Amino acid sequence: MKIVLGNVGKRLFSSSVNSIPKQPNHGSLLKKVAALVGCATITGLSWRYYEQNYYQTELSREYFTKYRISRKQTIDQDHYLIQLQPLKPQRTNLWSTMGSSKLWSVEVKQPEIMVVRSYTPLPLMLNENGSVDVLKDGENANGALTFYIKKYKQGEVARWINSLPIGHVLELRGPYIEYEIPEIPGEVKRDRSFLWDDELEAASQKFQYQPIDLLFLSGGTGIVPLLQMTLTESPFRGKIAAFHSCKSKTELGPLEGILNKLSSNGRIKLHLYESQDASKSFRNNLNSIKKLIPAPYPYNGPQPFKSIDPQLKPVLALVCGPEGFISTVSGAKLDSMQGPVSGILGSRGWNNSNVYKLS
């Protein structure tokens, strides 16, 4: 519309001041007005069509996009899985775009108290029978996002989301990248075929560069970033030693089976601690955990691939979970600041150069 008005304005003021004025042609003027009104009407209708069908329908950090609750699965009184489907199919496949190098989340708006909370999605689809399927390469289920959430007593947004019925519309924005692992362009994707075929075992692969190894220490729903980076398209290529603390492994629901499959196929080395049994709790096994955690290895930049070393040589440690868990493992996370590294990791020689505390 601005282009039309600009051209009209240029025409109206282009005649010379010395020219002889002519009698106005009212018929011609009416035609011009009608044409202008017609252009405005068409432009208005076009914008309305665009707004309804495209504008603010693609997930973005600049505005909120509407999603509806398509499935919910209660695991126990505190934990649940929920699947959100965008009202308009998403053109961007975030699982392909992000891969495992970017740990990302989205914000969910609670309009009643005007706050947002960040949640990390998983590349999963919920089934009616309670099972879950991992999305294959190239699939994004039209942009559906699945979340594993705990209802904390102080977690107003998590409790509010859980109270909503199927079909309720929520507003999301993102994605927000919380941590990014350096990605080498053109590197070979890691195969995920074993996730869909129980008779297959993960085959060893050759890469262009030597993969890095890492530690992942999590408590409660803090295990979600680990699942995101190992289940997504082009999953993490190196070895991961995972230490997870929970009340009971039953709170993981169908995610437990996925973790077991990742473990049996060499994608993670899982150490699971359950606080409901004092002898198996994370807190009561700190000395043995310290012995399992190696000192950090130096990162020397991309190195040509030779072979997969059977020995774990972690160059990075990621920590995610409740405040108390993070403090025990790596020292307190000070709001938006990382804070000094202490705790278990600090005692093993880890520091701020190789430890990151996730939100």
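Glycine is treated like the rest: Cβ placed from N, Cα and C.
Keep in mind that this is a model prediction, so the values were computed, not measured.
When the domain 'FAD-binding FR-type' (62-182) is classified with DSSP, helix, strand and coil residues number 16 helix, 57 strand, 48 coil. Per TrEMBL, the feature domain 'FAD-binding FR-type' maps to 62-182.
Residues annotated as FAD binding site in TrEMBL: Arg117, Tyr119, Lys150, Val157. Around Tyr119 (FAD binding site), taking its Cβ as the centre, 23 other Cβ atoms fall within 10 Å, counting all chains.
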Next on the checklist: Within a 10 Å radius around the Cβ, which one of these binding-site residues has the most neighbouring Cβ atoms: Arg117, Lys150, Val157?
Outcome noted: Val157
Checklist entry - What mean pLDDT score does the domain 'FAD-binding FR-type' (62-182) have in the model? => result 96
Checklist entry - Inside 8 A of the center formed by the CB atoms of Arg117, Tyr119, Lys150, Val157, which other residues of the chain have their CB, for the recorded FAD site? => result Val108, Ser118, Phe147, Ile149, Gly155, Ala158, Ile161
Checklist outcome for this item: Longest inter-residue Cα distance for the FAD binders Arg117, Tyr119, Lys150, Val157, rounded to the nearest angstrom, is 13
